[in-house]
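A.B. asks: Below is a structure I'd like to ask you about.
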């Protein structure tokens, strides 16, 4: 077993947590490797641990999706929908991993196709303006024209992402186990533009009617659409294997996090 550790060292407790993890792994004679932005796609591991917040875990979604890796997020950030609150008991958490005393919570991913590229996102794929100008985007569902949006952009969110950017843009909250896409316009120039919730067999195409539209995958710019180009999105057959050390009730977590 080789454990990969990906840490956000801008978080105050990250170094301390990393040292504790490494100490336990060494005592148990478990191989480990410290991952970073440069080597994360090339190193081979069997299990992944992230140290930070939800954003740190989102940073490794592409890797865990492509390699079908289980991932444990240890929270030392602010928002912790996806990560575990075990920073004060690292030895307990790592021992449970070594003993296979955990369960997997599968989360749906949205898969985006553009030219010869494929992007995987746990929260959302966004098409967003690159300047201060409003942009025009045409939405097609299963090749049928559905709507044209004159707005700051469009969010294509998973159920997991429905409590993230999509929620801030006025989208609905969806239970995380549902394999749906939530299409939410960003600051639309029309009162009739509303969110759409689409089933897991739908294929969405978004055509850019404007130049220089940014493609943003889980908060990171992935590419740019030019006028007339399409981005295709669907629920992926790949899923994120999120490691849980104890059962969590979605509505209890939601209530606590929305209060923050």
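Note that Cβ sites are derived from N, Cα and C of the backbone, with glycine treated the same way.
From Swiss-Prot, here are the annotated features:
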- 54: active site, proton acceptor (ACT_SITE)
- 54, 55, 123, 124, 150, 152, 163, 164, 165, 166, 167, 168: NAD(+) binding site (BINDING)
A.B. asks: Given residue 167 (NAD(+) binding site) and residue 54 (active site, proton acceptor), what distance in Å do their CA atoms have, once rounded to a whole number?
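C.D. replies: Pair distance, Cα basis, whole Å: 16 Å.
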A.B. asks: What span in Å does the NAD(+) site cover, taken as the longest CA to CA distance among 54, 55, 123, 124, 150, 152, 163, 164, 165, 166, 167, 168?
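C.D. replies: 31 Å is the greatest Cα spacing among the residues binding NAD(+).
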A.B. asks: Cα of residue 123 (NAD(+) binding site) to Cα of the residue listed as 'active site, proton acceptor': how many Å, rounded?
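C.D. replies: If we compare the Cα positions of residue 123 (NAD(+) binding site) and the residue listed as 'active site, proton acceptor', the gap is 10 Å.
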A.B. asks: Give the sequence-ordered list of residues that share a chain with residue 165 (NAD(+) binding site), lie 6 or more positions from it, and have CB atoms under 8 Å from its CB.
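C.D. replies: Set apart from residue 165 (NAD(+) binding site) by at least 6 residues yet with Cβ under 8 Å, we have 123, 124, 126, 155, 157, 219.
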A.B. asks: Rounded to the nearest Å, what's the C-alpha distance separating residue 163 (NAD(+) binding site) and the residue listed as 'active site, proton acceptor'? Just drop the number here, would you?
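C.D. replies: If we compare the Cα positions of residue 163 (NAD(+) binding site) and the residue listed as 'active site, proton acceptor', the gap is 12 Å.
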A.B. asks: Non-local Cβ contacts of residue 150 (NAD(+) binding site) (under 8 Å, 6 or more apart, same chain)?
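C.D. replies: Within the chain, residue 150 (NAD(+) binding site) has Cβ neighbours under 8 Å at 134, 135, 136, 188, 189, 190.
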A.B. asks: So which of the recorded positions is most packed in, judged by how many other Cβ atoms lie within 10 Å of its Cβ, out of 54, 123, 163, 167?
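C.D. replies: Per the Cβ count within 10 Å, the most buried is 123.
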A.B. asks: Look up residue 123 (NAD(+) binding site) in the DSSP assignment and reduce it to helix, strand or coil.
C.D. replies: coil
